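As given in TrEMBL:
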{"type": "REGION", "residues": "41-69", "note": "region 'Disordered'"}
{"type": "COMPBIAS", "residues": "43-64", "note": "compositional bias 'Low complexity'"}
{"type": "DOMAIN", "residues": "315-542", "note": "domain 'Peptidase M1 membrane alanine aminopeptidase'"}
{"type": "BINDING", "residues": "His387, His391, Glu410", "note": "Zn(2+) binding site"}
{"type": "ACT_SITE", "residues": "Glu388", "note": "active site, proton acceptor"}
{"type": "SITE", "residues": "Tyr476", "note": "site 'Transition state stabilizer'"}
{"type": "DOMAIN", "residues": "618-943", "note": "domain 'ERAP1-like C-terminal'"}
{"type": "COILED", "residues": "918-945", "note": "coiled coil"}
Amino acid sequence: MGKGFFISKAVAVVCVVVAISAVATIIALSVVYAQEKSKNQETPATATTATTAGPGTQTTTPSTPKEPWQHYRLPDSLSPISYNVTLWPRLTPKPDGLYIFSGYSTVLFTCVNETDLILIHSNKLNFTMFDGYHAQLKAVDGASAPQLKKSWLEVPTQYLVIQLSSPMQAGSTYELFTEFVGELADDLGGFYRSEYYEDGVLKILATTQMQPTDARKAFPCFDEPAMKAVFHMTLIHPHGTVALSNSMNYEPINITTPDGLNLIQTSFGPTEIMSTYLLAFVVCDFGFIQSDLGAEVLIRIWARRKAIDEGQGAYALEKTGPILSFFEKYYKIPYPLKKSDQIALPDFSAGAMENWGLITYRETALLYNPAVSSNGDKEWVATVISHELAHMWFGNLVTTKWWNDLWLNEGFATYVSYLGANYTEPDWNMSDLIVLNEIIGVMAVDALASSHPLSSKEADVMRPEDINALFDSITYSKGAAVLRMLSSFITEEVFSNGLSMYLEEFKYKNTVYQDLWKNLQTAVDNAGIQLPHSVEVIMNRWILQMGFPVVTIDTSTGKISQKHFLLNPDSVVDVPSEFNYEWFVPITWIKTGAAKDQYWLLTKEATNPDMTIGASEWLIANIDMKGFYRVNYDSENWDRILTKLSTQHQAIPVINRAQIIDDAFNLARAKIVSTTLALSTTRFLNAELEYMPWQTATRNLDYFVLMFDRSEVYGPMQGYINKKVTPLFKHFKDLTANWTKIPEKHTDQYNQVNALSWGCSTGVEGCKELTTAWFKEWMDNPDNNKISPNLRTTVYCSAIAEGGVVEWDFAWGMYRNATIASEAEKLLYALSCTKQPWLLNRYLEYCLVPTMIRKQDATFTINYIAGNPIGQPLAWDFIRANWDHIFNNYGGGSMSFGRLINGVTKRFSSEFEYKQLLQFKEDNINQLGSAASSLEQALERTKANMDWLALNKKLVFDWFTNEISGTV
């Protein structure tokens, strides 16, 4: 191992202690392992029946818990100080094929309130028994500890319960020792294993994903965000592997077990005080690249050796330092750690995880190969790195007290990730792209009556499944949107100043969202900014009630009004709001292109005489979509906007051109404006070359595709889109010298994909022939793929749709052999584009075979197939037939059930499909998990689709028919 791996040998005393204890450690762990081997087919993760007897043993937790161990929240009687944890993952299976890890842990804690009960989280761990008990307790500083009276595992609430014969004394400190074995499963949660092949050889690595409630699967711990502690980690691992954790490691030492195994023991320096969900450790055979020696912060990028050798980590290394520097300036606080390890894992459920000092990533979120990866892949890497590094301060240094405020952690990191990415890639215009990537999409979700507020009550978020359900687009994207709005009306500089004060006051502590409002208010007052109410009063209406308003401006009178915007106006909002679904709305606006003073709408209705317009004027509100609301106008102003779009569209800011389209289409779905008005906002597209309006139109027309691609409306609709996209197709053909060059502008590279995708799907002359020829050329020479990385997803999909089994099998083979994750992801999507039902059914079956499609990719693949009109009913039949298997084998971190339900049902628009959804809910009422809220949203969305189709089908058919025939 090179010097870069170690803290200096200066900590010699610690190393001596580690060396002395090594033999004892291994003997203990070897005994556990020997015991485990003698259990034959017993599974460590579930074999707890011999030791779970006790008063709390039951299969379900009562709705009104009586005993402390029946509550999902820890009592406040104990507070952890530090953990000393040793773990030994086995990277080879037992004879029965089972992978395990063994370990032991000592937790030092203070008794805050006198108690004779210890509750500590534990899930799927088998414990070594000590005189019939699961643990050993001793007092620190010479005091005597109470004797253990009874211990058991409370499975429903995931506790190790220890009853004592007498109380522990308030103010005293104790140590709890446990020894245990767990399964090193492939479930992507807790301490788990990941697999990959390198040069035909199967490689196994051990890694972690603790957030939100899976640290308890690795070792017993007080597994709540407010239970911060210091962690001392030791990992035992085979020669030829390296161990990583949050802190820098001391120099590893060689050890030999009593049965002759030669291993490495790596111990790590103490972490900063932090929450359990931020702990991480990895044992792997990876390569790395690092920042220059002598750098203030050691930055290392870890990945499969081949990926590192191919330079796939270079972009991440290049950008991590500048992004860290940006956030140091933005927060006005130095990076709190000495190193930042970032590691790309072959199997990882999320995009990335902000473990403090050891950030884990899905490969597509960290690795970039310019020869194969697209500009979208590159943008994803930059924004995800920025998101995770933002957490190093906001979330890690200062942590919210409980998961009900998850929105503040994730919404904030999402918002500022665009600032960090914009800093390191200034030509990309990332501060604008947040509108497309986050805001527009989440408005569709938040316009449902089944949405939820950003901030929930603590009492409503108790169980692990409740917590997991919060990791949704409302939390991330709406959280980002409202913080962006707040930053806009108090200014970015004041926002940054308030954040700095907040982080300085609460570093290494826990907070609630009001603590941030208080510090932002101080910054506002210091800057002399006048607001109509305090920051907290204004923002409470945006975070404590779901949804957002539609603001209607009558430019003939200056009257302004607001109303809770619902995509389905007939849906019933049965969740009351103390604010009666009214908001304090910051309205920015322009009149005939000239910016006007911001106006605050503080009541349901108001009048602003300045918002009246003359005969030749026009008005647009919510400039650059800084506010989280939609805007409607009187019919005369709508007409003037449409005229301006048709005659001089550049006079309207580009984000607002996108906003006009998106607002109009959504207002039409809500029956506030006519569908023909919404469709009319797309007439100017034949003259539009910018990405944001085209992409917004694409998303809204995609809804029409979903609703009509199985009906007679589809033909004239395709004809209309063909007319609009043909000039764009020709523009990019010319700009790229007949598709041989890459456009210089970042968003032009994206819009080129729109031109090609719409061109091929609507039959623009020469498009399908182009993509089919490119794909055939690749098939003829698989080692030389000349298709531009930016265009590959579209080209692969188009060619596979036009082809048959030969094309599909070729793409499948290339997917199986892909060594670059972003390329594999493109093929994974394109394989769903085939029009052959039997191939789609075969593909669905592959989704439940982890050796064919990784568990982390199963949700996405099923949804890709459901996006194909031929595949949608097949996917729906598939998940219904296999729900038991999916729920029981792909739970935890492996699959997003909510995302799966949303994806497979988004096309639903008939009474028959609605009844099928109701039946599915009834059949699986007890095993919906995190999909429960998504199922309610799917039911609501299906009803809205049914109503919309009944009202609009003939009207839309007539409009498209008239447009392509040249009549109005």
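Quick reminder: no glycine exception, Cβ is built from N, Cα and C everywhere.
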Glu388, Glu410 as recorded positions, winner by CB count within 10 A: Glu388
Residues near Tyr476 (site 'Transition state stabilizer') in space but at least six apart in sequence (CB under 8 A): Glu410, Gly411, Thr414, Glu438, Val442
His387, His391, Glu410 excluded, remaining Cβ within 8 Å of their centroid (Zn(2+)): Glu354, Glu388, Ala390, Phe394, Gly395, Asn409, Phe412, Ala413, Thr414, Ser417
Per-residue pLDDT averaged over the coiled coil (918-945), given as an integer: 86
Cβ contacts of His391 (Zn(2+) binding site) (under 8 Å, same chain, 6 or more positions away): Glu354, Asn409, Ala413
Intrachain C-beta neighbours of His387 (Zn(2+) binding site), sequence separation six or more, cut-off 8 angstroms: Gly351, Ala352, Glu354, Ala413, Thr414, Ser417
